[in-house]
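Enquirer: This structure is in structure tokens; I'll ask about it shortly.
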Amino acid sequence: MGSSVSRDDFEWTYNEEPHASRRKLILAKYPQMKELFGHDSNMVYKVGFMLTLQLIACYFVQDAPWPVIILLAYCFGGVINHAMMTAIHEISHNLAFWTSRPLHNRILGIVGNVIIAVPISISFKKYHLEHHRYQGNEEMDMDLPSKMEGVLFHTTFTKCIWLLLQPFFYAFRPLFLRPKPVTGLEIINTAVQIAFDVAIWYFLGGKSLAYLMIGTPLAMGAHPVAGHFISEHYMFKKGYETYSYYGPLNAITFNAGYHNEHHDFPNIPGCRLPKVREIAPEFYNNLPCHTSWTRVLYDFVTDPDIGPYARVKRRSRPIPINPANLDVDGDIKAE
């Protein structure tokens, strides 16, 4: 349990991230791929369904024993909260109401956010779109672990701790490494969240609120559905920085496992990402992929070649972004 990882630094590269070039090749060969661009017209109903489920659960757990609440938060509530996080990820790309109605996307994200118990929707979008534009960039990509994480969590035991603390690193890393001014929508997001939490506490009690609050960090840490946080970009095979997963947990994570496909085409909603691979199989079938998110978590902890340092990183330099290629919400337009 005390064995140390073999890496003492990130995997530095001078190559550009692979997705923009692959997108151009695929569109040149398969122009029909553009027919998949657009929004998920059922997203409102999916968000509403998850919100309703959690409200019903809050009602039934208000008098439950604490061990039952914690178990339900891990096995049920946390899974729904995690699914809502992946829905918020979709919404951050304007895939609920498309790019012509960005405010509608933001409002839906704020509404869905309430069951997560902490405000994340608006702040997540600010940093996530930069993860797409500047993948691996040492200053811009806040999905990358910090050097401190690599130094502190370098043994089997400490990597277990890192997994448990993973939601807190995702939440606070951008605030320390690349803080941004608070926006009006973030204030609204926070106000709505506080009002919802107070309402749950007032009408249903502290146990119902705890059920929601406990489920969120549990489902983002050492939990099978949280395996995608590790599987997406940690370098399990040298030279490859993005990995897909094609297993059954995609059904409750808006196909988050189709991660190469998502980075290649962020304007295609998760419900249609499997068709990307069907249309252009020769671009994806030979890429390394994962078959189990649970196995990913196990390998991350036990494999000495894997740890916070197992990420492809690029030196920061100005990367020109043509404003004409961005929509009104700052996202990259569909080509």
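Numbers run from 1 along the shown chain.
Quick reminder: no glycine exception, Cβ is built from N, Cα and C everywhere.
TrEMBL labels come from automatic prediction, so no person has curated them.
Heads up, here are the entries from TrEMBL:
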DOMAIN    5-43  domain 'Sphingolipid delta4-desaturase N-terminal'
TRANSMEM  43-62  transmembrane segment
TRANSMEM  68-87  transmembrane segment
TRANSMEM  107-124  transmembrane segment
TRANSMEM  151-172  transmembrane segment
TRANSMEM  184-204  transmembrane segment
TRANSMEM  210-230  transmembrane segment
Enquirer: Ranking 43-62, 107-124, 184-204, 210-230 by the number of C-beta pairs under 8 Å to the transmembrane segment (68-87), which range is first?
Expert: 210-230
Enquirer: Go through the chain and flag residues at least 6 beyond the ends of the transmembrane segment (107-124) whose CB is under 8 A from any CB in it; none is fine as an answer.
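Expert: For the transmembrane segment (107-124), the list is 43-44, 47, 50-51, 54-55, 80-81, 84-85, 87-89, 91-92, 96-97, 171, 174, 183, 185-186, 188-190, 192-193, 196-197, 209, 212-213, 216.
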Enquirer: Mind looking up the mean pLDDT for the domain 'Sphingolipid delta4-desaturase N-terminal' (5-43) in the predicted model?
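Expert: Averaging the confidence scores along the domain 'Sphingolipid delta4-desaturase N-terminal' (5-43) gives 95.
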Enquirer: Excluding the flanking five residues on each side, which residues at least 6 beyond the ends of the transmembrane segment (210-230) place their CB within less than 8 Å of a CB in that stretch?
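Expert: Answer is 54, 57-58, 61, 69-70, 72-74, 76-83, 85, 115-118, 160, 163-168, 170, 197, 200, 245, 249, 252-253, 256-257, 259, 290, 292-297, 300.
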Enquirer: Looking only at residues six or more beyond either end of the transmembrane segment (184-204), which have a C-beta under 8 A from one in the stretch?
Expert: 58-59, 62, 106, 110-111, 113-114, 117-123, 212
